[in-house]
Amino acid sequence: MSAPAPANEDGSPEKPTQGGFRTMPFILANEICDRFATAGFNANLITYLTQQLHLPLVEASNLLTNFNGTAAFTPVLGAIVADSFAGRFWTIAGGGALYLLGMLGLVVSALAPALRPAPCAAAAATPPCQRASGGQLAMLYLPLLLTALGGGGIRPCVVAFGADQFGRRRERRPGGEQKWSYFNLYFFSMGLAVLLALTVVVYIQENVGWGWGFGIPAIAMFLSVLSFVAGYSLYVKVKPEGSPFKRLLQVVVAAFRKRKEDVPEDAGLLYHNKELDAPIAADGRLLHTEQLRLLDRAAVLTPGDVSDSGEPDLWRVSTVHRVEELKSIVRMLPLWAASITLIAAASHNFTFAIQQARTMDRHLTRGFQVPPATMIIFTPLTTLATLALYDRAFVPLARRYTGRRAGITYFQRMGAGFAVSVLGVMAGALVETRRRGVAARNGLLDDKPGAAAVPMSVFWLVPQYALHGVSDALSTVGHMEFLYDQSPESMRSSAAALFWVAGSLGNYLGTVLVTVVQSASGGVWLQDNINRGRLDYYYWLVTFLLVLNLVYYIACFHFYTLKTFEVDGGDEAQRPRDGGGEQAGGDRQAELPCHGKVAASGNGVAAVSDGEKHMTSDQLY
């Protein structure tokens, strides 16, 4: 049975004038302003916490990583809201409004003298600097919580919402492969926004004041919401089909109820219902796979599972498609988890690396110094350059050898990013060893950071920032492509939420790592005075963890199996694409139970049986 005609989330039929690149100015303007606002206050927040609120370095670092972890976890809530009932458009719009309220709260916190401690110069002699009180910190936490909740509505939806403008079934005409270029365009635009924030906003925060430093991002957030809502009539707005988490839970409950049932060898005897699955399977129904066969019990038909009218009790029986949705998510998790350690390693770029920069010679001219947080600019700069070279130079070259329109698979792209991240942290360890040595030779080990600059150019930090930028361009974009492509189509907002959950867990892992190192080293490695600490030891430890993570990723990739689904044979829009991955291990014979034997190669599988096509996800676009 063919899927129903595409409809917007309000039930109205989609129009030919909706979707496509005409929507990109509105969507990207929204996300550029959002990312500009986020980077504008987040990049230099460690300075605000230590210089304005007078928190110790380790406490401020942990507060920041915990906030980033919370902000990265809230997209799970946003995904549930979007996929269950609100739809992506209204979830993004509502999240933007909530984010704006949080930003306004930060402006008030920075402007009101009663909401921050007195400057060190005006404080009593003992103690020399009065740290923020519990009430003052609470007035900071509330706006931060609002921004975290608002970001939870935006981030899981905006990438999938943008891809919806190209990726619906009816959109797969010649040129539809532009969806995968959209991912590169999306992250390129985000890099531009971060670049602008790290130059303009950070300079204003350091040299003009924190009121304007937070106020400009707040204005950008207002423009973000306004620009997004302005494009309402042009968007393809995919109708939500109910909570995907509820469907997954139904599969688990049904499988548990039938844990003593035998699974038939012939998958054709399992429960199929094309009409029931049509609203959540516009790309095609997922085909049965042999992995995780214990979940197949949910699709075993027993008396009482289906009423006389043909209505199934979904808490007792699930279709093969719904079982395979859960299998797809479970198969993705090991590869998804590999990015957690990568994010934990990168979290120190916004904390310890900024403190490194604060101790070094930052003069561009005799009268101008580079703000410490502005050094992060070399990460988005390199990301932008890498994305441009990747899309315009590397992909056409690689295409000649691989035959893939995307050049290489997103699995290979992610793996390359993981490898480069190892080099990035290693560079940081080498530079920190040299910086500390220069400080020791000049008798600066006991000087307060920033009191006297270590006679070593701050631009020695560029390699570690640049390598992290290359890693981001490879691993981050590849990770998003992987989650979007391999997730069930009805769960793509939820899959995008997984991307941010990895960020959440990565930041929490960074906090745990810092806390453990602080405790195990007796406070020697990580000190407020990093000239006396051994930050280089910490970097070497992180380098070792990233090497282990790379080995883990390669092992997970080797055993990964792509999702496979069927589409109507008469749908001309279904044609091979190569933006996705390939099954590890070279050419293989794929088994599609009840649909015959299908030839499989590294470029995907395809077969025709009974007027239908059966494809891996890396072949359909």
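Cβ atoms here come from the backbone N, Cα and C positions, even for glycine.
Nobody curates TrEMBL annotations by hand; they come from automatic prediction.
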(message) Looking at 23-42, 63-82, 263-282, I want to know which stretch TrEMBL calls transmembrane segment.
(response) 63-82
(message) Could you check whether the transmembrane segment (183-204) packs against the transmembrane segment (370-390) - three or more CB pairs closer than 8 Å, residues at least 6 apart in sequence?
(response) yes
(request) Quick one: find which recorded stretch in 63-82, 89-112, 140-163, 210-236, 537-555 has the most Cβ pairs under 8 Å with the transmembrane segment (495-517). (result) 63-82
(request) Using a Cβ cut-off of under 8 Å, list the residues of the same chain at least 6 residues beyond the transmembrane segment (89-112) that approach it. (result) 9, 30, 34, 37, 41, 48, 52, 78, 81-82, 139-140, 142-154, 157-158, 161, 209-211, 213-215, 217-218, 221-222, 224-225, 228-229, 232, 235, 237, 493
